[in-house]
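Quick look at what TrEMBL annotates:
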- 7-60: domain 'HTH cro/C1-type' (DOMAIN)
Amino acid sequence: MSIAIILDYERLKRGFTQQQFADFLGVARGTLSHHLTGRSISPKYIKIYSEKLDIDLANIYLKEKENKQ
């Protein structure tokens, strides 16, 4: 499962718009939008999302990175 799918699932589960979810996460809406469409995510944002959502995204991030190489 990709991080983009997990992020969108968590957003919808909470009933948030992209703007509300971005505010909740403390990131710009444009940044979140890029991540929701599957663009690459830096470790900085993996940490932010993991902490705010209480989900370990690091392992998924590493697997995604391996698959792209």
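Placement of Cβ uses the backbone N, Cα and C atoms for every residue, glycine included.
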Counting by DSSP, what is the helix, strand and coil composition of the domain 'HTH cro/C1-type' (7-60)? 38 helix, 0 strand, 16 coil
Compute the average pLDDT of the predicted model within the domain 'HTH cro/C1-type' (7-60). 95
